[in-house]
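**Student:** Quick one: structure below, then a few questions.
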Amino acid sequence: MQNNNRLSNIELLRLVSMFLVMFFHVTDAISQKNNIAENSIDDIMLATFSSLSIICVDIFILISGYFGITFKMKGVIKLFFQIFFLSLLIYGILCIIGYATFNIKDIWHCTFGIFSMYWFVWAYILLYIFAPILNIFVENSTKKEMSTFLMSYYIFALYVYCTLKVDIVFYKGFHTLAFIGLYLLGRYIKIYTPKWSTYSWKKDIGIYFISAFTSFLLIVVMKNVSNSPELISQKCGNYISPTTLVSSVFFFLAFTKFNLKSKFINYCASSAFAVYILHQQFDAKAIFYNSIGLFYSSVPIYIFYPMIILGLVLLFMVFIVIDKVRIYAYNLISR
(Lines of atoms letter the chains of each structure in order from A and count residues from 1; the text may use other names and numbers.)
(Lines give C-alpha, C1' and ligand atoms only; values in the text may rest on other atoms or scores of the structure.)
Protein backbone atom coordinates (compact mmCIF):
# COMPACT_ATOMS: atom_id res chain seq x y z
CA MET A 1 0.00 0.00 0.00
CA GLN A 2 3.00 2.26 -0.41
CA ASN A 3 4.29 3.80 -3.57
CA ASN A 4 7.63 2.23 -4.25
CA ASN A 5 9.49 0.90 -7.23
CA ARG A 6 7.82 -2.47 -7.44
CA LEU A 7 9.95 -5.60 -7.23
CA SER A 8 8.04 -8.42 -8.86
CA ASN A 9 9.32 -11.04 -6.42
CA ILE A 10 7.88 -9.07 -3.49
CA GLU A 11 4.72 -8.24 -5.43
CA LEU A 12 4.27 -11.96 -6.06
CA LEU A 13 4.65 -12.49 -2.32
CA ARG A 14 1.97 -9.85 -1.76
CA LEU A 15 -0.38 -11.85 -3.99
CA VAL A 16 0.53 -15.10 -2.26
CA SER A 17 -0.05 -13.60 1.18
CA MET A 18 -3.49 -12.34 0.17
CA PHE A 19 -4.36 -15.73 -1.28
CA LEU A 20 -3.31 -17.25 2.04
CA VAL A 21 -5.65 -14.79 3.80
CA MET A 22 -8.53 -16.25 1.80
CA PHE A 23 -7.36 -19.80 2.43
CA PHE A 24 -6.97 -19.18 6.16
CA HIS A 25 -10.54 -17.89 6.18
CA VAL A 26 -11.55 -21.14 4.48
CA THR A 27 -10.11 -23.10 7.41
CA ASP A 28 -11.91 -20.76 9.81
CA ALA A 29 -15.19 -21.25 7.95
CA ILE A 30 -14.82 -25.03 8.07
CA SER A 31 -14.28 -25.05 11.82
CA GLN A 32 -17.20 -22.66 12.41
CA LYS A 33 -19.74 -24.26 10.10
CA ASN A 34 -18.96 -27.96 10.60
CA ASN A 35 -18.52 -30.32 13.53
CA ILE A 36 -15.03 -31.75 13.08
CA ALA A 37 -14.24 -34.89 15.08
CA GLU A 38 -10.97 -34.61 17.01
CA ASN A 39 -8.02 -36.59 15.57
CA SER A 40 -9.96 -37.40 12.41
CA ILE A 41 -8.37 -36.93 9.00
CA ASP A 42 -10.52 -33.82 8.63
CA ASP A 43 -9.15 -32.42 11.88
CA ILE A 44 -5.55 -33.17 10.89
CA MET A 45 -5.96 -31.63 7.44
CA LEU A 46 -7.55 -28.55 8.96
CA ALA A 47 -4.69 -28.13 11.45
CA THR A 48 -2.16 -28.60 8.64
CA PHE A 49 -3.60 -25.97 6.31
CA SER A 50 -4.23 -23.56 9.16
CA SER A 51 -0.59 -23.83 10.27
CA LEU A 52 0.64 -23.24 6.72
CA SER A 53 -1.58 -20.23 5.97
CA ILE A 54 -1.54 -18.35 9.31
CA ILE A 55 1.53 -16.41 8.08
CA CYS A 56 -0.63 -14.28 5.75
CA VAL A 57 -1.08 -11.11 7.84
CA ASP A 58 2.46 -11.03 9.24
CA ILE A 59 3.92 -11.23 5.74
CA PHE A 60 1.85 -8.27 4.59
CA ILE A 61 3.25 -6.11 7.40
CA LEU A 62 6.81 -7.38 6.90
CA ILE A 63 6.56 -6.19 3.29
CA SER A 64 5.54 -2.72 4.51
CA GLY A 65 8.49 -2.66 6.89
CA TYR A 66 10.92 -3.93 4.27
CA PHE A 67 10.10 -1.05 1.93
CA GLY A 68 9.17 1.47 4.61
CA ILE A 69 6.00 3.53 4.76
CA THR A 70 6.13 7.16 3.62
CA PHE A 71 3.19 8.94 5.21
CA LYS A 72 1.13 10.96 2.72
CA MET A 73 -2.38 12.25 3.28
CA LYS A 74 -3.11 11.35 -0.33
CA GLY A 75 -2.26 7.75 0.52
CA VAL A 76 -4.76 7.75 3.41
CA ILE A 77 -7.47 9.24 1.18
CA LYS A 78 -6.75 6.70 -1.55
CA LEU A 79 -6.98 3.84 0.95
CA PHE A 80 -10.31 5.06 2.33
CA PHE A 81 -11.64 5.54 -1.21
CA GLN A 82 -10.71 1.94 -2.03
CA ILE A 83 -12.46 0.62 1.07
CA PHE A 84 -15.59 2.76 0.65
CA PHE A 85 -15.89 2.10 -3.08
CA LEU A 86 -15.40 -1.67 -2.92
CA SER A 87 -17.44 -2.35 0.22
CA LEU A 88 -20.35 -0.27 -1.13
CA LEU A 89 -20.02 -1.90 -4.55
CA ILE A 90 -20.14 -5.47 -3.25
CA TYR A 91 -22.95 -4.52 -0.86
CA GLY A 92 -24.93 -2.96 -3.72
CA ILE A 93 -24.45 -6.01 -5.93
CA LEU A 94 -25.58 -8.34 -3.14
CA CYS A 95 -28.65 -6.17 -2.51
CA ILE A 96 -29.59 -6.27 -6.20
CA ILE A 97 -29.32 -10.07 -6.44
CA GLY A 98 -31.16 -10.59 -3.15
CA TYR A 99 -28.36 -11.75 -0.87
CA ALA A 100 -28.44 -8.58 1.26
CA THR A 101 -31.10 -6.13 2.44
CA PHE A 102 -30.66 -2.41 1.91
CA ASN A 103 -30.63 -0.38 5.13
CA ILE A 104 -28.85 2.65 6.59
CA LYS A 105 -27.03 0.59 9.22
CA ASP A 106 -25.25 -1.48 6.57
CA ILE A 107 -24.42 1.65 4.57
CA TRP A 108 -22.77 3.00 7.71
CA HIS A 109 -20.72 -0.19 8.14
CA CYS A 110 -19.56 0.06 4.53
CA THR A 111 -18.40 3.67 4.97
CA PHE A 112 -17.71 5.46 8.24
CA GLY A 113 -18.24 2.33 10.31
CA ILE A 114 -15.69 0.24 8.40
CA PHE A 115 -13.54 -0.39 11.46
CA SER A 116 -16.26 -2.67 12.83
CA MET A 117 -16.01 -4.71 9.64
CA TYR A 118 -12.29 -4.68 8.87
CA TRP A 119 -10.06 -5.05 11.95
CA PHE A 120 -6.95 -5.05 9.72
CA VAL A 121 -7.84 -1.63 8.31
CA TRP A 122 -7.88 0.27 11.60
CA ALA A 123 -4.73 -1.53 12.78
CA TYR A 124 -2.89 -0.73 9.54
CA ILE A 125 -4.04 2.89 9.35
CA LEU A 126 -2.77 3.47 12.88
CA LEU A 127 0.56 1.90 11.83
CA TYR A 128 0.55 4.24 8.82
CA ILE A 129 0.07 7.22 11.17
CA PHE A 130 2.87 6.04 13.45
CA ALA A 131 5.22 5.31 10.51
CA PRO A 132 7.00 8.73 10.48
CA ILE A 133 7.88 8.34 14.18
CA LEU A 134 9.01 4.74 13.68
CA ASN A 135 11.13 5.78 10.70
CA ILE A 136 12.83 8.50 12.77
CA PHE A 137 13.61 5.90 15.43
CA VAL A 138 15.13 3.60 12.81
CA GLU A 139 17.17 6.39 11.18
CA ASN A 140 18.62 7.50 14.52
CA SER A 141 19.33 4.06 16.00
CA THR A 142 22.39 1.86 15.65
CA LYS A 143 22.18 -1.79 14.69
CA LYS A 144 22.75 -2.76 18.33
CA GLU A 145 20.00 -0.44 19.54
CA MET A 146 17.59 -1.82 16.96
CA SER A 147 18.40 -5.43 17.79
CA THR A 148 18.11 -4.73 21.53
CA PHE A 149 14.72 -3.10 21.02
CA LEU A 150 13.44 -5.98 18.87
CA MET A 151 14.66 -8.58 21.35
CA SER A 152 13.00 -6.70 24.23
CA TYR A 153 9.81 -6.26 22.22
CA TYR A 154 9.48 -9.93 21.33
CA ILE A 155 10.39 -11.11 24.83
CA PHE A 156 7.48 -8.98 26.04
CA ALA A 157 5.27 -10.30 23.22
CA LEU A 158 6.20 -13.86 24.21
CA TYR A 159 5.24 -13.11 27.80
CA VAL A 160 1.87 -11.76 26.67
CA TYR A 161 1.40 -14.75 24.38
CA CYS A 162 2.08 -17.20 27.21
CA THR A 163 0.10 -15.52 29.97
CA LEU A 164 -2.77 -13.43 28.61
CA LYS A 165 -6.00 -15.33 28.08
CA VAL A 166 -8.75 -12.76 28.56
CA ASP A 167 -8.34 -10.22 25.77
CA ILE A 168 -8.88 -12.15 22.53
CA VAL A 169 -7.94 -9.12 20.41
CA PHE A 170 -4.61 -8.46 22.11
CA TYR A 171 -3.20 -11.93 22.57
CA LYS A 172 -4.10 -13.02 19.03
CA GLY A 173 -2.28 -10.07 17.47
CA PHE A 174 -5.30 -8.19 16.10
CA HIS A 175 -3.79 -4.79 16.85
CA THR A 176 -1.29 -2.13 15.81
CA LEU A 177 1.19 -3.03 18.56
CA ALA A 178 1.81 -6.37 16.84
CA PHE A 179 2.18 -4.55 13.50
CA ILE A 180 4.76 -2.14 14.94
CA GLY A 181 7.04 -5.04 15.88
CA LEU A 182 6.72 -6.61 12.44
CA TYR A 183 7.25 -3.27 10.70
CA LEU A 184 10.47 -2.60 12.61
CA LEU A 185 11.63 -6.17 12.02
CA GLY A 186 11.11 -5.65 8.29
CA ARG A 187 13.12 -2.41 8.42
CA TYR A 188 15.88 -4.16 10.38
CA ILE A 189 16.14 -6.94 7.79
CA LYS A 190 16.26 -4.45 4.91
CA ILE A 191 18.85 -2.11 6.45
CA TYR A 192 21.20 -4.46 8.30
CA THR A 193 20.77 -7.84 6.53
CA PRO A 194 21.47 -9.96 9.65
CA LYS A 195 23.30 -13.24 9.14
CA TRP A 196 20.19 -15.34 9.69
CA SER A 197 18.55 -13.53 6.76
CA THR A 198 21.23 -14.59 4.27
CA TYR A 199 20.44 -18.29 3.99
CA SER A 200 19.48 -19.68 0.60
CA TRP A 201 15.81 -19.55 -0.33
CA LYS A 202 15.66 -23.34 -0.01
CA LYS A 203 16.80 -23.15 3.62
CA ASP A 204 14.29 -20.37 4.24
CA ILE A 205 11.45 -22.49 2.89
CA GLY A 206 12.73 -25.43 4.92
CA ILE A 207 12.63 -23.39 8.13
CA TYR A 208 9.13 -22.20 7.22
CA PHE A 209 7.90 -25.78 6.90
CA ILE A 210 9.66 -26.88 10.11
CA SER A 211 8.09 -24.02 12.06
CA ALA A 212 4.65 -24.64 10.55
CA PHE A 213 4.99 -28.35 11.31
CA THR A 214 5.92 -27.49 14.90
CA SER A 215 2.73 -25.46 15.17
CA PHE A 216 0.77 -28.37 13.72
CA LEU A 217 2.30 -30.82 16.22
CA LEU A 218 1.58 -28.51 19.13
CA ILE A 219 -2.05 -28.23 18.08
CA VAL A 220 -2.53 -31.97 17.58
CA VAL A 221 -0.58 -33.17 20.63
CA MET A 222 -1.65 -30.52 23.13
CA LYS A 223 -5.31 -30.85 22.19
CA ASN A 224 -5.11 -34.46 23.37
CA VAL A 225 -3.39 -33.77 26.70
CA SER A 226 -4.83 -30.38 27.61
CA ASN A 227 -8.05 -29.62 29.45
CA SER A 228 -8.48 -26.58 27.19
CA PRO A 229 -8.12 -27.78 23.56
CA GLU A 230 -9.85 -24.62 22.30
CA LEU A 231 -7.21 -22.46 23.98
CA ILE A 232 -4.39 -24.55 22.48
CA SER A 233 -5.76 -24.03 18.97
CA GLN A 234 -6.08 -20.30 19.56
CA LYS A 235 -2.59 -20.03 21.01
CA CYS A 236 -0.94 -21.78 18.05
CA GLY A 237 -3.23 -20.25 15.45
CA ASN A 238 -2.62 -16.55 16.02
CA TYR A 239 -0.43 -13.80 14.61
CA ILE A 240 1.97 -13.34 17.55
CA SER A 241 2.82 -16.97 18.31
CA PRO A 242 6.55 -17.82 17.96
CA THR A 243 5.85 -20.42 15.28
CA THR A 244 3.83 -17.95 13.22
CA LEU A 245 6.54 -15.31 13.51
CA VAL A 246 9.35 -17.68 12.47
CA SER A 247 7.29 -19.12 9.61
CA SER A 248 6.36 -15.65 8.35
CA VAL A 249 9.88 -14.23 8.48
CA PHE A 250 11.53 -17.09 6.61
CA PHE A 251 8.77 -17.44 4.03
CA PHE A 252 9.20 -13.71 3.43
CA LEU A 253 13.00 -14.02 3.24
CA ALA A 254 12.75 -16.75 0.61
CA PHE A 255 10.97 -14.38 -1.77
CA THR A 256 13.54 -11.61 -1.25
CA LYS A 257 16.09 -13.89 -2.91
CA PHE A 258 14.16 -14.44 -6.13
CA ASN A 259 15.01 -12.35 -9.17
CA LEU A 260 11.78 -11.73 -10.98
CA LYS A 261 10.45 -9.05 -13.31
CA SER A 262 6.86 -9.16 -14.47
CA LYS A 263 4.55 -6.30 -15.40
CA PHE A 264 1.60 -8.68 -15.10
CA ILE A 265 2.46 -9.61 -11.50
CA ASN A 266 2.93 -5.94 -10.61
CA TYR A 267 -0.37 -5.09 -12.27
CA CYS A 268 -2.26 -7.74 -10.31
CA ALA A 269 -0.49 -7.02 -7.01
CA SER A 270 -1.60 -3.38 -7.05
CA SER A 271 -5.10 -4.73 -6.40
CA ALA A 272 -4.18 -7.39 -3.83
CA PHE A 273 -5.72 -5.52 -0.89
CA ALA A 274 -9.05 -5.43 -2.71
CA VAL A 275 -9.32 -9.19 -2.26
CA TYR A 276 -9.44 -8.72 1.50
CA ILE A 277 -11.99 -5.89 1.33
CA LEU A 278 -14.35 -7.67 -1.05
CA HIS A 279 -14.56 -11.05 0.66
CA GLN A 280 -14.67 -9.63 4.22
CA GLN A 281 -17.58 -7.22 3.76
CA PHE A 282 -20.24 -8.41 6.25
CA ASP A 283 -22.71 -9.90 3.77
CA ALA A 284 -20.01 -11.22 1.44
CA LYS A 285 -18.25 -12.87 4.40
CA ALA A 286 -21.48 -14.57 5.48
CA ILE A 287 -21.98 -15.95 1.96
CA PHE A 288 -18.32 -17.00 1.78
CA TYR A 289 -18.43 -18.84 5.11
CA ASN A 290 -21.82 -20.48 4.48
CA SER A 291 -20.77 -21.63 1.01
CA ILE A 292 -17.51 -23.08 2.30
CA GLY A 293 -19.28 -24.87 5.14
CA LEU A 294 -21.95 -26.31 2.84
CA PHE A 295 -19.48 -27.42 0.17
CA TYR A 296 -17.20 -29.00 2.79
CA SER A 297 -20.07 -31.08 4.17
CA SER A 298 -21.15 -32.16 0.68
CA VAL A 299 -17.97 -33.62 -0.84
CA PRO A 300 -14.99 -35.75 0.27
CA ILE A 301 -11.95 -33.76 1.43
CA TYR A 302 -9.81 -35.07 -1.46
CA ILE A 303 -12.25 -33.28 -3.77
CA PHE A 304 -12.90 -30.30 -1.52
CA TYR A 305 -9.37 -28.92 -1.20
CA PRO A 306 -8.35 -29.04 -4.90
CA MET A 307 -11.71 -27.56 -5.90
CA ILE A 308 -11.57 -24.85 -3.25
CA ILE A 309 -8.07 -23.82 -4.32
CA LEU A 310 -9.25 -23.55 -7.92
CA GLY A 311 -12.31 -21.61 -6.78
CA LEU A 312 -10.22 -19.20 -4.73
CA VAL A 313 -7.91 -18.55 -7.68
CA LEU A 314 -10.89 -17.71 -9.90
CA LEU A 315 -12.46 -15.53 -7.21
CA PHE A 316 -9.11 -13.81 -6.69
CA MET A 317 -8.97 -12.94 -10.39
CA VAL A 318 -12.54 -11.61 -10.37
CA PHE A 319 -11.75 -9.38 -7.39
CA ILE A 320 -8.68 -7.97 -9.15
CA VAL A 321 -10.79 -7.10 -12.19
CA ILE A 322 -13.36 -5.40 -9.95
CA ASP A 323 -10.63 -3.34 -8.29
CA LYS A 324 -9.43 -2.10 -11.67
CA VAL A 325 -12.84 -0.42 -11.98
CA ARG A 326 -12.13 1.28 -8.65
CA ILE A 327 -8.73 2.46 -9.90
CA TYR A 328 -10.32 3.84 -13.07
CA ALA A 329 -12.96 5.69 -11.01
CA TYR A 330 -10.34 7.11 -8.65
CA ASN A 331 -8.21 8.35 -11.53
CA LEU A 332 -11.24 10.09 -13.05
CA ILE A 333 -12.13 11.81 -9.77
CA SER A 334 -8.58 12.82 -8.86
CA ARG A 335 -7.77 14.48 -12.18
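Glycine is treated like the rest: Cβ placed from N, Cα and C.
Below are the features listed in TrEMBL for this protein:
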DOMAIN    9-320  domain 'Acyltransferase 3'
TRANSMEM  12-32  transmembrane segment
TRANSMEM  44-67  transmembrane segment
TRANSMEM  79-102  transmembrane segment
TRANSMEM  114-138  transmembrane segment
TRANSMEM  150-168  transmembrane segment
TRANSMEM  174-193  transmembrane segment
TRANSMEM  205-225  transmembrane segment
TRANSMEM  237-255  transmembrane segment
TRANSMEM  264-282  transmembrane segment
TRANSMEM  302-322  transmembrane segment
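Locate each feature and note its surroundings.
**Tutor:** Long-range contacts of the transmembrane segment (44-67) within the same chain, counting only residues at least 6 positions beyond its ends with a Cβ under 8 Å from a Cβ of the stretch, are 1-2, 4, 10, 13-14, 16-18, 20-21, 23-24, 26-27, 30-31, 36, 120, 124, 127, 173, 179, 182-187, 189-190, 208, 212-213, 215-216, 219-220, 233, 236-239, 243-245, 247-249, 251-252, 256, 301, 305.
Within its own chain, the transmembrane segment (79-102) is flanked in space by residues 1, 109-111, 114, 117-118, 121, 125, 128, 273-274, 277-278, 281, 283-284, 287, 322-323, 325-326, 329-330, 333, which lie at least six positions past its ends and keep a Cβ under 8 Å from the stretch.
Residues 58, 61-69, 119, 123-124, 126-127, 130-131, 134-135, 137-138, 143, 146-147, 149-150, 153-154, 157, 168, 239-240, 248-249, 252-253 of the same chain lie 6+ residues outside the transmembrane segment (174-193) yet bring a C-beta within less than 8 angstroms of a C-beta in it.
Away from its own ends, the transmembrane segment (205-225) comes close to residues 38-39, 44, 47-48, 50-52, 54-55, 199, 232-233, 236-237, 241, 243-244, 246-247, 250-251, 254 of its chain (Cβ-Cβ under 8 Å, at least six residues beyond either end).
With a threshold of 8 Å between CB atoms, the same-chain residues lying at least 6 positions outside the transmembrane segment (264-282) that come near it are 1, 6, 8, 11-12, 14-15, 17-19, 21-22, 25, 82-83, 86-87, 90-91, 106, 109-110, 117-118, 120, 288, 315-316, 319-320, 322-324, 326-327.
Listed by sequence, the residues of this chain that lie at least six past the ends of the transmembrane segment (302-322) yet keep a Cβ under 8 A from its Cβ atoms are 18-19, 22-23, 26, 45, 49, 86, 89-90, 268, 271-272, 274-275, 278-279, 292, 295-296.
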**Student:** Tell me, what is the mean pLDDT of the domain 'Acyltransferase 3' (9-320)?
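**Tutor:** A mean pLDDT of 90 is what the model gives the domain 'Acyltransferase 3' (9-320).
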**Student:** Report, as numbers and ranges, every residue of the chain located at least six residues beyond the transmembrane segment (12-32) whose Cβ falls under 8 Å of a Cβ in that stretch; write 'none' if there are none.
**Tutor:** 46, 49-50, 52-57, 59-60, 63, 252, 255, 258, 260, 262, 265, 268-269, 272-273, 275-276, 279-280, 288-289, 292-293, 296, 308-309, 312-313, 315-316
**Student:** I need to check the long-range neighbours of the transmembrane segment (237-255): which residues 6 or more away from its ends have a CB within less than 8 Å of a CB in the stretch?
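**Tutor:** Residues 9-10, 12-13, 16, 50-51, 54-55, 57-59, 62-63, 66, 154, 157-158, 160-161, 171-174, 178, 182, 185-186, 189, 197, 199, 201, 204-205, 207-208, 211-212, 214-215, 218-219.
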